[in-house]
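Heads up: the structure comes next, in structure tokens.
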There are 2 protein chains.
Amino acid sequence: MLVLGVDPGLTRCGLGVVDGGPGRQTSLVEVGVLRTPATDDVASRLWALERGLGEWIDRHNPDAVAVERVFSQANVRTVMGTAQAGAVAIVTAARRGLPVALYTPSEVKAAVSGSGRADKAQVTFMVSRLLKLSDPPRPADAADALALALCHLSRGPALARMRAAVRQAPAVPGGSL
Amino acid sequence: MLVLGVDPGLTRCGLGVVDGGPGRQTSLVEVGVLRTPATDDVASRLWALERGLGEWIDRHNPDAVAVERVFSQANVRTVMGTAQAGAVAIVTAARRGLPVALYTPSEVKAAVSGSGRADKAQVTFMVSRLLKLSDPPRPADAADALALALCHLSRGPALARMRAAVRQAPAVPGGSL
């Protein structure tokens, strides 16, 4: 299973493709960062991001796309750009019929390090360890994108099983689900 | 000149197409609201919005698209949805090569009512008056979308002249601009 993780941002958008699945070594396929110039208008930046994301998706043809779920942050300006970039990532994947999963930063941190309050250094360390990388991925946005993909690989199968169980459960009043 | 105004939102996205230009009566072409069910996941909602917006753009072939610029609001959940829907509107227009203009709520209010602090009733009243509508557009998102289009019609030419002046100014050191 191939997962594309997206750490959305207008200035830097982290992208990481990870290959993995039950009983297999999880491995890095590609990691990188899309950048758009702050001097460009928002429309040009979002459109550049859409084209860049589309190229990554078309090149790797992932089975799923995992995008960071944006919540409130201290800096409202930053959170707007993150929400806009995230929306473009979501819609670029959805348009291609790909499943899109959203994870909060603490879900991602917990999935790779065991703690929802892990710091950036810890996340980068664990991403390198889980993917057996000799050098840590830089910048932090790239490491975060890989963490998102790893989070989906670790949680995806469990979620899929849960959803399948719900679908297969008898839809009768008083049923066990 | 045909302008599509977009008041972005996931639950209700207001759309309004207005025709106008120097020395002509400004008139309503179409107004409406796109809705996506809150029970759907964000990816489905953003994609539905993209398709709906694309249909409006393809049907009317506007010269420009005016989208509300999202700032911080009291409700962070709402602002996220607005930012995401706005990003989809921006990128849907940009992908078609259309100019996208962003206006703050107070710029829009000032353009149609003369006051940046006009309330919803005042904006709806002025939109109806400027477009000579016998009934006020409902819901408020539809009126806001028309106000955005009217704002662009009133400000667009001035902005275009300003940009042209900057482009035509001599690019020499010590020049007057």
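Any Cβ shown, glycine's included, is placed from N, Cα and C.
The structure displayed is predicted, hence computed values, not measured ones.
The number of other CB atoms found within 10 A of the CB of B:Asp141 (Mg(2+) 1 binding site), across every protein chain shown, is 24. Sequence annotations record features per position, and here TrEMBL assigns Mg(2+) 1 binding site to B:Asp7, B:Asp141.
Marked as active site by TrEMBL: B:Asp7 (among others). The Cβ of B:Asp7 (Mg(2+) 1 binding site) has 29 other Cβ atoms within 10 Å, all protein chains considered.
What TrEMBL lists as Mg(2+) 2 binding site is B:Glu68. B:Glu68 (Mg(2+) 2 binding site) counts 27 other C-beta atoms within 10 Å of its own C-beta, drawing on all protein chains shown.
Look at TrEMBL and you will find B:Glu68 (among others) tagged as active site.
Sequence annotations record features per position, and here TrEMBL assigns active site to B:Asp141 (among others).
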Rounded Cα-Cα span from B:Glu68 (Mg(2+) 2 binding site) to B:Asp141 (Mg(2+) 1 binding site), Å: 11
